[in-house]
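In TrEMBL this protein carries:
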- A:79-282: domain 'ABC transmembrane type-1' (DOMAIN)
- A:83-105: transmembrane segment (TRANSMEM)
- A:117-139: transmembrane segment (TRANSMEM)
- A:159-185: transmembrane segment (TRANSMEM)
- A:206-231: transmembrane segment (TRANSMEM)
- A:261-281: transmembrane segment (TRANSMEM)
- A:312-336: transmembrane segment (TRANSMEM)
- A:363-567: domain 'ABC transmembrane type-1' (DOMAIN)
- A:369-388: transmembrane segment (TRANSMEM)
- A:400-422: transmembrane segment (TRANSMEM)
- A:442-470: transmembrane segment (TRANSMEM)
- A:491-513: transmembrane segment (TRANSMEM)
- A:519-538: transmembrane segment (TRANSMEM)
- A:550-570: transmembrane segment (TRANSMEM)
Amino acid sequence: MSQLAIEAPLERLPLSQTIDKELWIRRLLIGLVCLWMLVVVILPIFQLLSKSLMDNAGNFVGFANYVHYFKTPALSNSIGNSLFVSILTTLIAVGLGFLYAYALTRTTIPGKAFFKGLAMMPLFAPTLLNGISLVYLFGRKGLFTTGFFGTIPGFDIHLYGPVGIIISEVLFAFPQAVLILSIALNMTDARLYEASDSLGASKIKTFFTVTIPGIKYGLISAVFVCFILAFTDFGAPKVVGGNFNILSTDIYKQVIGQQNFVMGAVVSVVLLIPTVIAFIVDRIVQRKQVAIIAAKSVPLIPKPERLKDTLFLTYCAFIALLIVGFYSTSLFASLVKVWPYKLNLGFWHYNFSDMGGGGYAAFFNSIRMAFYSAAFGTVITFSAAYLIEKSRQMRVLREISYFLSILPLALPGLVIGLSYIFFFNAKGWSIAGMFIPNPLGFLYATMGILVMSNIVHFYSVSFLTATTALKQLDKEFEIVSESMGVPFYKTFVCVTVPVCMPAILEIAMYYFVNSMATVSAVIFLYSANLPLASVAVANMDDAGDIAPACAMSILIVLANLLARMLFGLATKGVKNEPRPGW
Amino acid sequence: MKSFGKNFVSWIGSVVVFSMLMCISSTAWSEELLVYTALEDDEIPGYLELFKKEHAGIDIKIVRDSTGIITAKLLAEKDNPRADVVWGTAATSLMLCNQAGMVQPYAPKGLEKVRPKMRDKAATPAWVGIKAWMTGFCVNTIELESLGLPMPADYEDLTNPAFADQLAMPNPASSGTGFLTVSAILQSMGEEKGWDYLDRLHKNIARYTHSGSKPCKLAGAGEVPVGISFAYRGFMQKKKGEPVITVFPKSGSGWDVEANCLIKKDTIKSSAKLFLDWAISESIMKEYGKVYPVTAYDSGQPVPDGFPANPEEQLVENDFDWAAKNRVRILAEWSKRYDVKSDPK
């Protein structure tokens with residue numbers, strides 16, 4: 001701060017001129033943010049929609065494709081299947097997540113940090129790994145099905161189909177539910193409980209009249225987030241879905257299996273409708289939220305209660321055991337020579353040389369891609385959030401930008417990937433008889449498009465994290481700097497960025513981890529020159545090489561854990577509260 | 001600490017330059033030969049090593065995928081083809097590409113040695129075969145025994161109700177093995193009986209897979225006792241130590257030729273022709289012959305262990321023209337009947 005004060009007088013420009021110039025820079029930058037969101041979100045989606053109204057040769061056919069879709073029960077049955085598995089997943093994940101979050105926030109059980117960390121494990125893995133682990137646990141030759149290779153009586157849960165999909169999606173959605181609900185449960189006022197208690201309300205009554213209403217919005221958010229995750233994921237269903245078709249695997253089958261892009265576009269639009277509805281409803285509901293925490297609020301400090309604590313500790317230990325068991329099984333399976341016949345351990349499956357998918361080249365490409373996504377994504381997201389949050393001009397444009405920035409939350413990765421193929425591979429567009437060549441075509445099949453798709457795919461959560469962090473910063477900084485004639489970008493670099501460092505690092509890690517693990521968007525965009533680890537997992541699974549696919553997933557998890565540890569070191573000593581979406 | 005403004009601008013500038021460099025470095029195409037192939041992943045490295053030994057200067061870039069996907073990819077890129085040559089991909093698929101006018105006929109060196117059945121009939125052929133691959137059932141002997149199932153000897157045995165939910169088969173829309181099997185069944189049984197057979201077979205199928213090798217790998221892992229796949233895969237899985245044997249259906253195996261062709265482009269690289277010459281040369285034919293008994297011409301290798309003594313007799317009569325002409329219709333019918341089995345098991 002002292003530097004700023006000393007430096008400010010060195011500026012040669014007259015004050016008014018500086019402010020004037022600054023205003024224009026700001027306007028330009030906000031305009032750029034809007035343009036960026038337009039190019040990377042709106043135009044590709046528009047291209048996808050228009051593609052779904054054309055035939056394979058590119059002639060306009062109106063809704064013919066949709067009519068065909070709904071007339072083909074084989075295709076349209078998937079809608080019901082998708083809804084079925086995602087609703088069930090949501091109920092289970094939110095239920096389990098609520099109990100877990102409750103234990104972490106409202107009881108005095110020991111080892112909360114450990115339990116919380118462990119619950120986040122599934123975020124580090126590609127969802128394909130959830131499916132693969134299930135095969136090793138409950139497939140026909142799984143540990144449980146064979147009763148640990150015949151040592152105890154086995155049982156068959158008929159994994160392939162809805163059962164497998166639901167288990168893996170619950171695992172996938174669980175950490176998100178825990179995070180959202182923990183934050184909601186943390187934000188409460190102890191006085192409400194005291195009042196309830198002194199009015200003689202029973203514990204159960206207090207639970208339903210105080211606890212549940214208090215976390216209403218968090219609960220609704222958790223429901224929508226889990227629903228969207230389960231509805232749009234395709235990694236796990238691809239592995240354990242068997243012949244149970246759902247929308248996301250249909251898109252994959254149509255586009256990758258049969259290169260029927262038009263039908264892929266139609267299914268994508270069908271997939272998009274419920275997610276957009278969920279997104280809009282959630283937005284409307286969240287708007288009604290009023291601050292529960294007032295200045296006079298008293299944080300609720302849970303009191304030890306023997307029975308309650310024991311029950312919740314048992315529950316958390318049980319869930320933790322499941323998660324540990326789950327991933328240990330896949331680690332073990334990746335080291336076994338021939339499951340289930342030759343159980344000697346070694347690194348056979350970590351040699352990807354005679355496998356499809358790209359092997360270690362793919363792995364290092366993924367690391368590069370995740371690194372670029374983290375670097376560029378963080379810079380873009382944080383700068384955009386800053387401009388939108390901390391500017392006072394161009395209100396309308398900023399509001400539009402804000403909406404565009406949270407819109408990607410409603411976009412499934414598969415939809416992003418497919419719309420990017422259509423948009424960036426288009427030769428150009430004829431508008432009013434004029435042919436406009438595509439200026440962005442050069443990005444197709446490059447690292448650039450992969451990084452861009454990741455930035456967009458994970459934009460909203462990062463953006464919200466940045467906005468939350470920025471909101472905690474006093475507006476005074478801007479006002480003081482401005483009155484002293486310090487350009488805003490100086491304030492940004494010297495004050496805002498350093499103060500928000502924990503949030504910035506968190507955004508970077510979020511981008512890195514997700515870019516490593518994601519399959520859905522990049523599976524349409526990678527090229528033969530640029531194989532990726534997560535796509536290699538999908539391809540090896542397709543070819544039936546499930547053990548190497550498992551091994552590659554383990555490498556992805558390890559890379560992510562390493563990134564997470566570096567993040568831990570980097571933020572050491574900085575108190576860092578998790579934010580929504582983590 | 002001179003000026004943060006300048007630093008900021010130069011920092012932004014370097015980010016921009018960096019991102020541009022990143023894009024450029026990944027778009028810049030080096031002069032290389034782009035080869036599309038549906039050969040198996042574990043075959044390719046050995047073959048390419050041989051190529052590199054003989055032609056050190058040429059940089060080969062391989063795009064490998066299942067037959068159906070390579071075909072669809074080629075057709076999708078019709079207007080702006082990327083591949084220079086196609087290597088080891090189903091002849092029926094290459095015929096489709098030829099119909100689409102994408103193939104530049106070329107007579108590679110040594111063409112005269114190639115069996116007439118394994119090349120396009122034109123004097124300058126559109127496609128030239130390298131080897132035949134055929135249907136084989138991968139049977140997991142341990143699982144078969146523990147489930148008390150009879151060893152299948154022919155197609156009809158697989159419709160035995162005892163096999164309900166015990167079979168895996170490739171989806172013919174994406175897998176070449178799937179297509180040649182379906183095509184052989186329809187040709188040898190006649191369409192009506194063939195579809196009736198497939199209807200009955202469908203009742204026993206636990207899952208249809210995306211690739212032709214996966215059923216065999218599933219069998220090798222014990223996930224299903226029997227996978228309808230192709231012979232090579234069964235032998236390779238056995239080599240890896242999995243308890244599988246390959247059964248050749250008594251009434252004959254469906255088969256297709258893995259063939260090569262030159263893609264019509266504005267500039268055809270000389271290395272493309274060189275590659276096609278090499279792909280049917282004697283040295284590589286010996287390599288093919290190690291694991292595939294039926295090659296474009298006699299490779300001089302003994303019939304690989306486990307194949308019938310006279311492998312050519314194992315192949316059913318196959319009318320490639322019929323298969324290529326009816327491919328779209330067969331696949332549409334197949335998808336209508338079986339592709340989307342929407343009810344949970």
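Every residue gets a Cβ built from N, Cα and C, even glycine.
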Under 8 Å for C-beta pairs, could you tell me which stretch among A:117-139, A:206-231, A:369-388 has the largest tally with the transmembrane segment (A:312-336)? A:117-139
Determine which residues of the chain contact the transmembrane segment (A:369-388) at the Cβ level, with the cut-off under 8 Å and only residues 6 or more beyond its ends counted. 26, 29-30, 33, 36, 398, 401-402, 405, 447, 450-451, 454-455, 458-459, 462-463, 466-467, 470, 492, 496-497, 500, 503-504, 507-509, 511-513, 515-516, 522, 532, 559, 563
Positions whose Cβ lies under 8 angstroms from the transmembrane segment (A:442-470), at least six residues beyond its ends: 40-41, 368-370, 372-373, 376-378, 380-382, 384-386, 388-390, 405-409, 411, 413, 416-417, 420, 424-425, 496, 500, 502-504, 506-507, 510-511, 514-515, 518, 520-522, 525-527, 529-530, 532, 579-582
Outside the transmembrane segment (A:519-538), at least 6 residues beyond either end, the same-chain residues with a Cβ under 8 Å of its Cβ set are 126-129, 232-235, 238, 248, 252, 255-256, 352, 355-359, 361-363, 365-366, 369, 412-414, 416-418, 420-421, 445-447, 449-450, 453-454, 457, 549, 552-553, 555-556
